[in-house]
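As structure tokens, the structure follows; a few thoughts come after it.
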Amino acid sequence: MSDKTKASNDVFVLGVGMTKFEKPGRRADFDYPEMAAEAVTKALTDAGVEYTAVEQAYVGYVYGDSTCGQRALYPVGMTGIPIINVNNNCATGSSALYLAFQAIRGGQTHCALALGFEKMQRGSLSSQFSDRTNPMDRHVEMMCEVTDMEAGPITAQMFGNAGREHMAKYGTTEQHFAKIAWKNHKHSVDNPYSQFRDEYSLEQILAAPTVHAPLTKLQCCPTSDGGAAAILVSRHFLERCAGAVARARAVRVLGRADDHRPAKLTLREELHEDGENRCTPIVGYDMTRLAAQRLFDQAGLTPADVQVVELHDCFSANELITYEALGLCPEGHAGRMIDDGDNTYGGKYVVNPSGGLISKGHPLGATGLAQCAELCWQVRGEAERRQVAGARVGLQHNIGLGGAAVVALYKMETEQPVKSSGVVTAHKDGAGLKSTPYFEKLQKLIEQEGKAIVDKIGGIIEFRVSPPPGRNAARWTVDLKSDEPGVYANSQRRAGLTLELSDADLTRLFAGELSPEQAYRQQKMRYMGDTGLAFKLRNLVETLHGYRAKL
């Protein structure tokens, strides 16, 4: 196959859309057709195309009658396209996405819709049929070979037992699982689509009612209502049918197979049967590991190329073991990764900036497509307060017990130029802000006393400055760690600490009229990342004051 032919098989996400995820029954007039119409309309608007451009649709849901996909799309348009209904347990949404990808990659269509939704019953998941073989019967049998059945939801037992296994084998503690939930709840505060937006302390998470030790209620995903959708297109469609704005925001689904099979999304369906009576493979660890290895090989990338991850944290235990399955850290090192903060802002990766299933919610059919939406927003730089600095490649992971695992990589098709400058006032985003001159002074201070101030701070701090009306926001990165320290505008450098505050409050902080502690207590400043580095902010401000006094 020629390079030209290969390029023609590239697949892009042109538009995404989703509803807010809700507690079942909370939102009136929110049946699945309404969920579908809202999500699809948003995706079409985001893509800049009409529904008539869609040639095929793949619709995912778990709980519903056999042709809900058709009924869901009637309000959007009745154009006569093929509509295929998909059910793959919790991986249903990403499986619909996978099938749409395959259709484009295989040359069957140039524009496909992937849609997922779920209208759920309240409470824990349960079997819907008692007169036939349960698809999870062998999984439960394997679990019972190594541990006794306990009271509580069966899915919580399966994932909780995998967590117990990791604790016994590697010394992981209950604190590690709780830290994951603490992180995800904290991330969701900034997600307007999230079912829950409450922040909890680590103590509150540990003290919540136990569902299945080590898992407490705040470490388990809820049942949810909601929908999400994505418009996938071929390169031919992108170049000939999409508008200029949409082309500039197209997100490429990465991956390459030497045998040219559709593999940019890798789907593995297999039950672990190697004779080892372990709990971890039952919940998808081996499927995830094999799928991720294949995906990275095909894409010519490694986990080190990824900055942001949306993974299947139905329970905190699953997020922990998935770090290792995806290759984000070596086997047995997930606890260290958590303790080092390498799963949140300022760390090596930002995992589940959306809040994940634990806090964003988990309407089964919509989850995989909501992950796709979040990653597209991240690599486009459109995730607002959740934005991961320097996000270029996003990794998705979605599993369905029974078993299915879907992994994918996303990257902007058009690389955006990195905007950085050693003189921050030269950048238009800082023009007119009262805090901008202080960054200029700080740059001069670093030029004069570089090593001394680097030794004192030893970190990278990002300032996100919200402007007064009529002005542009600004983002400055103060690098006091690398071999090239300085103040940079809109830099891709990975910050250990991110601070968010208004231009007026930052000006007061730099002027000595407001201490960092006061700013935080009065909720004038939010921070994400390294708490230790946050305590050094006072040192930075005092150093700047001393320098100004010399001028």
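Just so you know, glycine gets a Cβ as well, placed from its N, Cα and C.
According to TrEMBL, the protein carries these features:
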{"type": "DOMAIN", "residues": "11-235", "note": "domain 'Thiolase N-terminal'"}
{"type": "DOMAIN", "residues": "285-402", "note": "domain 'Thiolase C-terminal'"}
{"type": "DOMAIN", "residues": "439-541", "note": "domain 'SCP2'"}
Residue counts (helix, strand, coil, in that order) that DSSP gives for the domain 'Thiolase C-terminal' (285-402): 56 helix, 14 strand, 48 coil
Average model confidence [pLDDT] within the domain 'Thiolase N-terminal' (11-235): 93
Secondary structure content of the domain 'SCP2' (439-541), with strand meaning DSSP E or B: 44 helix, 30 strand, 29 coil
